[in-house]
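Pulled from TrEMBL, these are the features on record:
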COMPBIAS  109-121  compositional bias 'Low complexity'
DOMAIN    308-467  domain 'Peptidase M50'
REGION    73-121  region 'Disordered'
TRANSMEM  246-268  transmembrane segment
TRANSMEM  296-317  transmembrane segment
TRANSMEM  337-357  transmembrane segment
TRANSMEM  369-389  transmembrane segment
TRANSMEM  401-420  transmembrane segment
TRANSMEM  432-451  transmembrane segment
TRANSMEM  471-502  transmembrane segment
TRANSMEM  523-540  transmembrane segment
Amino acid sequence: MGTLTSCSFMPLNSEFRSNPVRRAFRERIQCHKLTRLRGTSCFFSRARVPKWGKFKHANSGIRMCFGTNDSDSDKDNVGAVEESGGDESKSNVTTTMPEEERGFSSEKSAPPSTSHRSSLSSLGPAYNTFQVDSFKLIELLGPEKVDPVDVKLIKDKLFGYSTFWVTKEEPFGDLGEGILFLGNLRGNREDVFAKLQNQLVEVTGDKYNLFMVEEPNSESPDPRGGPRVSFGLLRKEVSDPGPTTLWQYVIALLLFLLTIGSSVELGIASQINRLPPEIVKYFTDPDVVEAPDMELLFPFVDSALPLAYGVLGVLLFHEVGHFLAAFPKQVKLSIPFFIPNITLGSFGAITQFKSILPDRSTKVDISLAGPFAGAVLSFSMFAVGLLLSSNPDTAGDLVQVPSLLFQGSLLLGLISRATLGYAAMHAATVPIHPLVIAGWCGLTIQAFNMLPVGCLDGGRAIQGAFGKNALVGFGLTTYTLLGLGVLGGPLSLPWGLYVLLCQRAPEKPCLNDVTEAGTWRKALVAVAIFLVVLTLVPVGDELAEELGIGLVTAF
């Protein structure tokens, strides 16, 4: 008969009580190792408690320790099992643990305790009571995790030799609330993913979202080409974006009203050569403290409205472009949150995705559609305004602006120089039509929003076309250029702060975050970023003098 050697017993008293107030808290007692010590083999299974805290024999596990001597291996094994009777509210389970796992000798083992223990306490003295209670609180208050019963069902019904052979499971999600299945792909990744999505709905209903992502820390590519893939599982209530609340609608309305005001202010400021001297001095001379009568500005409001309408029209066109691209893909967007700015009229708008994007191509299409629509309208106004500026019949509608304005953009300055001529541009002030200002501001707004950083339109486009790792490199470069003032000139600092506060985080992954967007989409994004740089790079004094952009009096 076999004998037990160097194996101590430690009773684990686990008390499970149903809680009528809060939702289920499942507690597991689990030992992960199969220990062989001096001819003694100890096997530990696990005891599960259903979601509502009631202990049932059908779900209970058994802990057994079998010991044999090498010289007497043909003897019967010895098992030690203790289970509770019919009491469903309390269970005492006695098991065996080796000395090395407990961290102290059997002679000094603590007496049996009847206190409440979690699964972490069975792993030894690594966690104290406070830490265990903290883990319990996090599990109770954190997002709802994937049901282990569903995980087993999904592994049995979805994965296999014909789709994806699972070899390992890891936590998935921001707080580890999901499951990441790692393994080997058994077919074309797009076909397998589509098949798994359909089967997931059949097996579990509309309960989970399945993500196809690149395998983390993969050491080799997939033999079929491309990166190795894994599949992540999250509950829909955890992964789906939340609905727009009433307060968000209120905030969006207030921001839109402020944007209207800042656009009108831009229209008034464009008529600086017509404004009363005391108004101009108050806004330009820092030594002036006493405010003038603001009613003097009222006569100029009507003439400022066309420029305000132009800026607001560009903003609305931008958002319409997003919605038109999202509608065929069945992607929901939030209400736009416009950001007012007194220099450009607005910094654009923050528009959130209210549904998970299906793939990276969709992310690129929706991201580019807004800036493309806004840029088309802006450039149309800019071009028409330049043509009207050189037309003698519209001389009464022109406004005088400093020629230094055209040094703010290399691309727009060259276009203006080619249209208006050297004589008109090489002066202290340049007479232009208000449409030029509206188009200039609109193109600058589109360029700023296409910068490849965070969850701006440019950041989303880069992430969709080249991946999240590429966005990190583009983002660091963009922040550096903004900090040095290389992009955006005097607006680089306020725009950089706005991005850091509101738009710095990258967009969440798509359901299919592996399949690339395609060559022509990548080329389109690259061309767009190149035009953005040309639009936001200011012209230095020496280059401006050589190109005839503005009147430079000193170097």
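Each position is counted from 1, following the chain as shown.
The backbone N, Cα and C atoms fix where each Cβ goes, glycine too.
Each residue in the domain 'Peptidase M50' (308-467) has a pLDDT score, and their mean in this model is 90.
When Cβ-Cβ distances below 8 Å are used as the criterion, the transmembrane segment (401-420) is approached by residues 270, 382, 386-387, 389-390, 426-430, 432, 436-437, 440, 443-444, 489, 531, 534-539, 541, 544, 547-551 of the same chain, each at least six residues removed from its ends.
Counting Cβ pairs closer than 8 Å and at least 6 residues apart in sequence, the transmembrane segment (296-317) and the transmembrane segment (523-540) reach fewer than three and form no contact. Tertiary neighbourhood of the transmembrane segment (432-451): same-chain residues 266-267, 270, 306-307, 310-311, 314-315, 318, 344-348, 370-371, 374-375, 377-386, 388-389, 394, 397-399, 401, 405, 408-409, 412, 416, 420, 457-459, 461, 478, 482, 487-488, 491, 495, 499, 528-529, 531-532, 535-536, selected by CB-CB distance under 8 Å and a gap of 6+ residues from either end.
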